[in-house]
Amino acid sequence: WGMKYFWDTLLDADLESDALGWQYISGSLPDGRELDRIDNPQFEGYKFDPYGEYVRRWLPELARLPTEWIHHPWDA
């Protein structure tokens, strides 16, 4: 239902791009690389949000957490 939702709501919906995007994300493309697309939120956080600005904005429960713990609050 995800592709249909995007098709109905996106202004720039493109059938081919959307279909391939959903196949890529689901790992159902015939390139044999399903499992290497699993993301690690903690690693991605360190890489793209090293100071935790995004996390603090969208997760107010973590806003006052020190930066060293922001991407692994369960260890704080």
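Every residue, even glycine, has its Cβ placed from backbone N, Cα and C.
Taken verbatim from TrEMBL:
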type: BINDING; residues: ASP12, ALA13, ASP14; note: FAD binding site
type: DOMAIN; residues: 1-75; note: domain 'Cryptochrome/DNA photolyase FAD-binding'
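Mapped onto this structure are the features recorded in TrEMBL.
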residue: ASP12; record: FAD binding site; Cβ contacts under 8 Å, 6 or more apart: none
residue: ALA13; record: FAD binding site; Cβ contacts under 8 Å, 6 or more apart: PHE6, TRP7
residue: ASP14; record: FAD binding site; Cβ contacts under 8 Å, 6 or more apart: none
Shell of the FAD site beyond ASP12, ALA13, ASP14, same chain only (C-beta within 8 angstroms of their C-beta centre): TRP7, LEU10, LEU11, LEU15, SER17, ASP18
